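Summarising the annotation, TrEMBL assigns region 'Disordered' to 34-82, 599-710. Residues or ranges marked as compositional bias 'Basic and acidic residues' by TrEMBL: 60-82, 602-618, 631-651, 695-710. The feature transmembrane segment is assigned by TrEMBL to 123-143, 155-176, 258-279, 325-343. Sequence annotations record features per position, and here TrEMBL assigns domain 'Cyclic nucleotide-binding' to 429-533. The compositional bias 'Polar residues' annotation in TrEMBL covers 676-690.
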Amino acid sequence: SISAQKPAFQTNEYTDAQLQEIVKKLRERANVYKEKLNDPVISSPEGSPTASPKKPPPPPKEEKKDEKKDEKKEEKKEEAETKPEEDHYCDMLCCKFKKPPLKKYKEYMKLPDTIDSYTDRRYVAWLMLVTIAYNWNCWFIPLRYVFPYQTPSNTIYWFAIDVMCDICYLCDLIIFQPRVRFIKGGDIISDRAETEKFYRSTVKFRLDVLSVFPFDILYFFFGFNPALRANRMLKHNTFFEFNDRLEAIMEKAYIYRVIRTTGYLLFILHINACLYYWASDYEGIGSTRWVYDGEGNMYLRCYYWAVRSLITIGGLPEPQTLFEIVFQLLNYFMGVFVFSSLIGQMRDVIGAATAGQNYFRSCVDNTVSYMNTYSIPRLVQNRVRTWYEYTWDSQGMLDESELLEQMPTKMQLAVAVDVNFAIVNKVDLFKGCDTQMIYDMLLRLKSIVYLPGDFVCKKGEIGREMYIIKQGEVQVLGGPDGTKVLVTLRAGAVFGEISLLAAGGGNRRTANVVAHGFANLFILDKKTLNEILVHYPDSEKLLMKKAKVLLKQKGKPPPGPPVQQPRGLASLFGQKQETPKLFRAMLGGKGKDGLAKLLQLKRQETRVKTEKTEPEKTKTRKKKQANKKTSMKETQAETATKPKEEEKKPVETTASSAPPAQKEKPNADAKPAVMQRTTSKESLIISMTPSPRAGEGEILKVEIKEKENK
């Protein structure tokens, strides 16, 4: 008979791949629902069906017409809004350039109902314009009154500039100052009527009104006398307000303070020069050696005299008349007082500008003195100096927390969010966590600078904190000698999070991390994170789940050769589980050899016992059949040989009952040795007793006793 040969089993690769994908998705779905049962906080992966919108009831016919009209009007408005803005081009020479429409200029230049004097830059620009007008009046009114610089030929020009300054004063009085907001009982009053009422009740309003009072009408009676405009110098409040607002918005305000103090000194010298020319004119130009002789530039010569007089340089002509002596004494007294106060103010301004640098230098000097006292090696001292220099150059201070401690918590949070939130928000570990939790964490982060080659953490250390790279790079080292660069981490990367999130604690670092160049890192310790997570249980659960995933990835074996996946329907079943460790230890590690050894040793032990008891039985039988008249000599001889046999037999029994680890591996082909059957009068007793010392197991005892004669 010819038997038909069966074809080999074949599988469709496409069907196999599709089945594996379906099984994988089913398993993932089952795992998700298992987690849902364990933790009800997790939302379902499937989106909830949206409710179908209910149809509104049909409106009556009359309302339909009104609705249609309204819809047409709305459509027209929308079309007007959605129309693209017309491009405005300006023809200039041979080219065209686009310019914004006039509406945008009007919207930008339109003043609001009220003005915030602290944040509105347009208000600061207006104050600067008023300050220029104020300085014009302060410098040129005394100059025009004393020196003969205002003549009938140029009066029209002086008058035009005066009118422009008066317009600035009036606009400030009528338009700007009534709109400035004020604080009342902690509330910012932004009502236009309230701000006008408040401004009119202040002393500043009265001085502003006096400063624009038109004493210029008296020109028609007394001529163009600049002294009639002296009231314009009463608008000093606006000048000081401009100084405060400008210093608040400048990055380096001390520069403006130095310029302002220098301006005060020059203005006082200017007033003194005007007074000297007035005194010379009163005494008579060139009448004495002390007064101005009328030669050269009158203003520069008088200003030179004022400088030498106020600074008390000396070398001036002696005053001759009583008026000259009194004037010179008053000038000396005023010079000593004013000049000393201005010099002191200049010292304070420069000291405040360099206070941070002086603090830095004092810290460096104290640290160097400490290291020299204790003979710190020169290499360590150089690294300490490098750390000080880089930290100061990079952030302008040694400890950022000292600056933020002076602010309220909300302001600290606002500064921390603007500076560090963009970096922390990129960290994958904190994605999905509560935003407020991240805000609280930003306030607890500590910034530390590491020098090139510094160890951030070493292998084997107990990990108690997590690191976030703010700036720079770090390298993770490994390999046999610990010098191989495994990976390079850059800004926004995180390391050490396993030690921070592990519930048990005591996790040791698994690799060395070294700073590659200067590295600025954020540090968050375990205690701080636990204090924050107390208030955010949802974020805590999310972080714990991520910690479990990280710990599983950490515990995985190193990558090896790819494991061959089962094909066909065998992929529907999971892989065979490994043999339990306890059962493998009992088996001896290789198949069933360990269990076979134990059974073989047990059989050998029972054979030895039976072989020793059979000779004793034969001896008793022979003794019963023997002559009862055996002499006592034979019994004495037997008793004499008894101790020798007792010494030999225990050694043999203990050797046979030794543990399998100390015995040689039995040969499978070897047959157990057969002892000769003999009879003896002794009995063998084997017992196991626990050891008195802990950890030593049990003690095997072998006893041989002689049977009593019946």
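In case you wondered, yes, glycine gets a Cβ from its N, Cα and C as well.
Per-residue pLDDT, averaged along the domain 'Cyclic nucleotide-binding' (429-533), amounts to 83 for this model. Sequence-distant contacts of the transmembrane segment (258-279), counting only residues of its own chain at least 6 positions beyond either end whose CB sits under 8 Å from a CB of the stretch, comprise 138-139, 142-143, 145-147, 243, 291-292, 298-299, 302-303, 305-307, 309-310, 323-324, 327, 331, 334-335, 338-339, 342, 345-346, 349-350, 353. For the domain 'Cyclic nucleotide-binding' (429-533), residue counts in helix, strand and coil come to 25 helix, 46 strand, 34 coil, using DSSP.
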